[in-house]
Structures are given as C-alpha cells and as structure tokens.
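Novice: Handing you a structure now.
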C-alpha cells in the first residue's frame with residue numbers, strides 16, 4: 001500500500017522479515033493471558049518505539065486504529081459473560097446484568113490486544129509495499145493461487161473504484177431540476193437506480209476480468225501462478241528476526257512468571 | 001449563453017490546469033475546443049455543469065451562475081457528454097439510461113417516453129431501447145450517450161472528444177448529427193475534419209490558457225500555427 005504509506009520503505013527492510021515480525025508480535029499478544037498488564041505495556045512500548053524509529057507517526061497509527069474499535073467493543077460482552085466476583089449491576093428490559101471482575105479483566109485484555117494487533121498491522125502496511133507483502137506471504141507458503149488473487153484484487157480494486165466514481169459523476173451530471181417541478185422522484189426510485197448501477201458495475205467488472213484473462217493467456221498463462229524468485233535473507237535480516245524473536249519470547253516469559 | 005470570466009483551476013496536487021480563462025459563447029454558436037492532451041479541455045468542460053468547482057473566476061450559463069445552489073438547474077441547461085461513453089452510461093438498458101435525466105427532473109411518464117423517443121431518433125438509435133449499452137458498438141454507445149443529454153433538452157451541449165475512436169462512417173454520421181442539432185455547442189476535439197465540417201469558431205487551449213479564439217477557416221488555413229499548437 002505504497003499509496004497510503006507515510007514512511008518510505010528502505011532497502012534495509014525486507015518485506016518478509018517485517019511480515020514475520022508483525023505476525024510473530026500478533027501471535028505473541030494472542031498468547032498472553034488475561035490481565036498480563038506488564039507484558040502488554042511492554043509490548044505497546046516496543047511497538048511504539050518501532051513506530052517512532054521508522055518515523056511513521058504514532059498519532060496517524062492511533063487514528064487509523066480506531067477502525068478496529070467497533071470490533072473490539074464486542075469484547076465488552078465478556079465483562080458480563082465470565083463468572084467472577086460482581087463489580088456492578090445494571091438492568092436492561094427488566095433483566096439484571098452483572099459485570100464481574102474476571103470478566104472486566106478479560107474484556108480489557110482482549111481490547112488491548114486487538115488495539116495493539118491492529119497497530120502492528122498498520123505499521124507493517126505503512127512501511128511495506130503491497131508487492132513485498134505478497135512476496136512475504138509466498139515465503140510463508142500461502143497457496144500461490146491465493147497470492148495471485150490477492151495481487152489482482154489489489155490491482156483492479158482501484159480500477160473498479162475509479163469506474164464507480166465515473167458512473168456516479170455521470171449520474172450527478174444528469175441529476176437536474178427544472179423550476180416548479182420537484183426533482184429526484186422518491187427514495188425508492190433512487191435506490192433502484194443505485195442498485196442497477198451496482199449491477200452494471202458488476203457486469204463491467206466481469207467483462208473486464210474476461211479480457212484480462214484473455215490477455216494473460218496470450219502471454220503464456222497456463223493456470224500455474226508465476227512467482228518471482230525470492231532473494232536470500234541478509235545477515236541484518238537475521239539479526240532483526242532474532243531481535244524480534246527475543247522480544248516476543250521475553251513478553252511471554254514476563255506474562256507467565 | 002455562456003460567459004466564463006477569469007476561470008482558474010488547479011488539480012488537488014497543486015498542478016495548474018486552467019489559468020485565467022475568459023470566454024463568451026453566444027446562443028446557437030457551435031464552438032470547437034482544441035488543444036493537445038493535457039491542455040485543459042476536459043477540465044474546462046467539467047466546470048460547465050459544476051462537476052469541478054473553480055479555484056477562482058465565474059461561469060454563467062443562460063444568465064444563471066454556476067454555484068452550489070444552482071447545480072440542479074445548471075445541469076438541466078448544460079448537457080455534458082464524457083469522452084468515454086462507458087463513463088456516461090450506467091443503466092442496464094438504453095431506455096433506462098436515456099430516461100434517467102427526464103425521470104429525475106420529475107417529468108410525467110408520457111413525456112419521458114416522448115423525450116426518450118425523440119432523443120433516440122435524433123441520434124439514429126430508435127429500436128435499441130431494450131438493448132444493454134455494453135453490448136453496443138463504440139459508435140452506438142457514443143450516440144446513446146449523446147441521447148442521454150438530448151432527452152433533458154439542454155440549451156448548451158458540452159461534448160468531450162465525441163469522435164474519438166469512431167470509424168470513418170460513424171464519424172461522418174456524427175458530423176451530420178452535430179450540424180443538425182440546434183443547441184449551442186462547446187466541443188472538445190482533436191478531429192480537424194470534424195472541426196472544419198461543423199464548427200465555424202475554434203478556441204485553442206495550451207497549458208490551461210486560451211491561445212487562439214477565431215474563425216475556424218482562418219485557423220485551419222494557418223499551417224504554422226496548427227503545428228505550433230500541436231494540432232497537426
């Protein structure tokens with residue numbers, strides 16, 4: 001996602017290393033038990049150090065991470081679902097609901113883990129070109145056909161978006177009114193038009209995919225995804241992996257001792 | 001009919017696209033807008049119905065300034081046809097697409113039917129009402145795209161490279177069609193044969209500025225300037 005990146009990836013950063021480190025960090029977070037605040041705080045500090053080091057902008061990462069909050073809020077149900085000592089009670093529709101201490105700790109832990117995980121992925125995306133991510137996924141033995149689908153989806157998503165915007169522009173250009181006549185008919189009619197536009201966009205996308213497939217065939221595509229040879233990791237990459245691994249293991253040790 | 005005063009516009013990245021355009025087009029005039037790719041022709045046309053908003057300057061169509069408050073009325077007066085008909089046509093059938101504008105304006109179904117038939121007849125596409133636009137040839141789609149705005153009975157037609165990609169016969173038919181339409185026209189094109197056929201007046205844009213505004217006959221006769229403007 002070079003388009004949205006705020007930090008330019010450097011030659012020293014191998015996309016595979018960054019992807020493995022980000023995934024390792026997220027798996028480590030998942031492994032931490034409920035209430036492991038020391039480990040969670042250290043994980044946050046480690047991540048924010050990297051964000052600062054790479055000059056990505058902590059505020060930007062935090063702002064973008066808000067997208068995960070609606071999902072994290074689902075964790076709030078843990079506060080009332082997990083058994084434990086009652087902390088407070090409230091009533092919904094005549095039904096008394098009790099939040100427990102263990103439930104609140106579990107909910108807060110899940111929310112903290114979700115927030116940090118999203119920040120780790122945003123950091124990865126902000127410093128890694130999409131093609132590098134695909135290379136990293138290939139190195140992780142993701143099926144080549146899935147990588148091909150991801151790559152093409154990324155490439156053509158923007159084309160489809162532009163096509164949709166052009167259709168909307170055409171609709172707006174003919175959304176006119178004349179004096180003394182109410183314009184725009186009614187909501188149902190406008191919704192119908194929008195539905196037809198979506199259908200038209202789908203047909204165009206389908207036909208475009210047929211043309212692209214024909215162009216791929218013309219250039220020798222025979223159903224087997226083609227992936228570029230991956231260069232070997234350099235010593236600095238191994239150092240980064242070892243350093244990241246030590247941090248992850250340390251977090252788990254701190255959480256369980 | 002159309003008055004443009006000191007119109008300037010820059011793209012979101014800051015690149016200037018139009019620089020102080022001044023232009024007056026009288027009612028019924030047919031004017032060609034010439035210039036190399038990137039000269040600002042399409043950008044200028046997109047200002048006429050308020051799709052793009054100027055950084056500075058003013059546009060008045062038929063006595064009505066192009067402002068956010070007037071956009072709906074302006075769009076009833078300015079029929080803008082995009083270069084790529086696929087950008088213009090968004091409905092599953094030709095009828096639906098041509099009927100969209102009149103229906104949106106709140107016209108009665110009988111009048112909508114009548115306008116659709118008239119518009120399709122004007123562009124020679126009667127009988128194609130139930131065809132899906134994406135199954136038509138490029139020339140046919142261009143005609144239907146024109147019909148979508150003719151059905152709204154605009155007083156000004158703004159066409160963006162209407163002959164681009166057409167074969168000689170389709171281009172000849174388009175030329176005849178544009179000659180017969182009564183509307184005021186501002187038409188962006190690279191097609192000098194079309195310009196000579198249809199437009200008595202030509203305006204040349206270069207780097208967002210008007211560098212020539214004169215009778216087509218005198219411009220086309222000046223080989224050196226055509227070369228200088230990148231038109232040949």
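Placed from the backbone N, Cα and C atoms, the Cβ positions cover glycine too.
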Novice: May I ask you to indicate which of A:20-49, A:170-199 is given in TrEMBL as transmembrane segment?
Specialist: A:20-49
Novice: Taking A:61-81, A:82-102 as the choices, which stretch does TrEMBL tie to transmembrane segment?
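Specialist: Range annotated as transmembrane segment by TrEMBL: A:61-81.
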Novice: Write down the single range among A:108-132, A:133-157 that appears in TrEMBL as transmembrane segment.
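Specialist: In TrEMBL, residues A:133-157 carry the label transmembrane segment.
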